[in-house]
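Enquirer: The following feature annotations were taken from TrEMBL:
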- 1-22: signal peptide (SIGNAL)
- 33-147: domain 'Plastocyanin-like' (DOMAIN)
- 159-301: domain 'Plastocyanin-like' (DOMAIN)
- 386-524: domain 'Plastocyanin-like' (DOMAIN)
């Protein structure tokens, strides 16, 4: 090939590899990750800050924007950030999980580059390494509709990010040490809201935000905790749910809402009460030792403190689970609304697609060599020194992991194999995933790279006959699902995004000790139409560090 032909080939390759993101606006961020003092529960501890902030900066973007985040790691440990809910179309290289990327070493930096392609909604980012999420490094991601796409509600006067969840006064290093010793980290110490907690009657409590009488506000709320489901409610006000993890919903009104670990939603709240202070209340769900906290919502020009009488929490125990399942079933996809694209959400008839594969996952709690482990279908995942995606791309997967150690059905017995857990997924297949929970604690699951239709949750055990109870019309398309004690949940999705994608428990203790897997979705075409090649700036580590780079996709 002559030199001029080579130049044409290279130019064509570069054009193809960037065509998906060229032409759309780019938002650039520079983040310094450091340690610093924080006190979410009033006890000062070492936190993980981003540009000196906890919670970290909000990524405020619009559908199809290109996001560039240059991360400088000034901690004494390697770190990675994942953008939970951002699908990273064709680009698991930027997903920020240990199975997809090498960590950012202390004193080094890495620049994430990704596009929020054809997405809207409310999400959050967090560290996937060690137990770093227990100390911070968390922030909101807001993806707005493009101006030409109407939203199914009037533009609110303002919108606010609310990151809430359980919290431990022990730092991430202490918690990791406990898990590494083979023990559980136990129950949390409290609940925080945007890095603070307060009690009823606390005269020094700073307002969470301010309302003006008569106006309507959008609250984007995420449960960023490690363990507990949370119920939130606002004294004297109702909440209208309008969006969940990228889907516009039927706009039902609620007095209180359950939000499970890792989940996000948007609610509209109208300031239609007497101007004064009101409490935003967050309390634990299904916990043996209930926890709660409050934050103040202040009316501009209001007069008077919040009432000490708080709105009651929902029921607990068996009645509480029935209440929560009923609320889940009330969440419906808004079929006539647009999302990121001009066509209505309901134009996608997921209920008429034939299922090509059923994967039934049963979470387990067990021990290996006398230490606590969590697993799925008899396999407890451990991260490899070489990221799974890099090993696969370089053709050395057999030296790092074995595909399909975990079977599509749970196996008999309590034996657990501790190893990287990688499952092959056929590109563009439509799959059904069943989550079955035989334990006495609630579970929450998250899938990177995709959204799925949450078609059913029921008590008991799943069987094929249960499909007759699926919502095949307007189940919400989202990326997390809760599974109640001794219950099951079913989701459906199309594996149309090539890459190495993490399916994990959102309870960090459980994920760290093995309750996760990676779904390898490979396009045999090795085409830029289906997946981006390894970025030139990608960090390398493990056994691929000294290997020659494979030929890029074409």
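First residue shown is number 1, and so on along the chain.
Even glycines carry a Cβ here, placed using N, Cα and C.
Automatic prediction, not curation, is the source of TrEMBL annotations.
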Enquirer: Considering every residue in the domain 'Plastocyanin-like' (386-524), what is the mean pLDDT value?
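Expert: Averaging the confidence scores along the domain 'Plastocyanin-like' (386-524) gives 97.
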Enquirer: According to DSSP, how is the domain 'Plastocyanin-like' (33-147) divided among helix, strand and coil residues?
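Expert: Helix/strand/coil tally for the domain 'Plastocyanin-like' (33-147): 7 helix, 52 strand, 56 coil.
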Enquirer: As a quick check of your reading of DSSP, tell me how many residues in the domain 'Plastocyanin-like' (159-301) are helical, how many are strand and how many are coil.
Expert: 9 helix, 73 strand, 61 coil
